[in-house]
């Protein structure tokens, strides 16, 4: 149970009930918080109605009914629309409201949203997550939080219901910065793991044996020991289920695009990040968009000319 779960059970708004938002909102319900929900797809809300949540017709309606709101949206344009659109949160936000955005978006967009929210007398924090759908279900996400430090404890009360690690990163936008750096490294290490496994298999090594050796050697990484991309090596990961579920290739391509924008803006060389971005964009074009990002192993085996 959350350390602060009993402190306040006033309603919490939750906007965006997709693959990640759905289990996150369920964990709030489990911890006794009345949830006021909205999703652009009404069918996503039905399950929450059955759980006793109140479902609204727009983000503005959520803001009218709750002064603590969490958003979990696919991209920067979605976040801008939900906060500043014709029926957005800012149309009816109450002064003093705490707005926590767990989407992964451009840090510059987070900063712009924070300014718009501040003008309305409310507080905005960016709190993107790491851990994927499995961790969202288990309540083991890592939250990287950017915003006014004095508001961190108020945000943490809610975030600890959904995650086991809640880390304060600094001013607004630093949570997003930490997230896109993490995902750039994850993409690079997944491609590296897939290449190494593919080469080893073609050299006659048993994939389970090779994975065991890598994981007791200096090449070990999360992609090799927790989320191996080769079918049959591990159970309970997307590669064991035809790359269904998990973290979609299209989302990884999006996050790598955010890393590229940030690298350009800061004049930072990211040659491997750029290559990873190209590979995941090619995968999207070749029919892998909805498969888990570890399907890069399958893609590399098919792309002899890459």
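Positions of Cβ are set from backbone N, Cα and C atoms, glycine also.
Listed in TrEMBL:
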BINDING   10-38, 73-74, 78, 104, 254  NAD(+) binding site
DOMAIN    12-170  domain '6-phosphogluconate dehydrogenase NADP-binding'
DOMAIN    173-299  domain '3-hydroxyisobutyrate dehydrogenase-like NAD-binding'
ACT_SITE  179  active site
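Its Cβ taken as reference, residue 20 (NAD(+) binding site) is surrounded by 26 other Cβ atoms within 10 Å in the chains shown.
Around the Cβ of residue 15 (NAD(+) binding site), the number of neighbouring Cβ atoms within 10 Å comes to 31. Across the fold, the C-alpha of residue 15 (NAD(+) binding site) and the C-alpha of the residue listed as 'active site' stand 20 Å from each other.
Figure note: comparing Cβ neighbours within 10 Å for the binding-site residues 25, 35, the maximum is reached by 25. Each of the recorded positions 30, 179 was ranked by the number of other C-beta atoms within 10 Å, and first place falls to 179.
Averaged over the domain '6-phosphogluconate dehydrogenase NADP-binding' (12-170), the predicted model has a pLDDT of 96. Broken down by DSSP into helix, strand and coil, the domain '3-hydroxyisobutyrate dehydrogenase-like NAD-binding' (173-299) contains 87 helix, 2 strand, 38 coil. Across the structure, residue 20 (NAD(+) binding site) and residue 179 (active site) place their CA atoms 15 angstrom apart.
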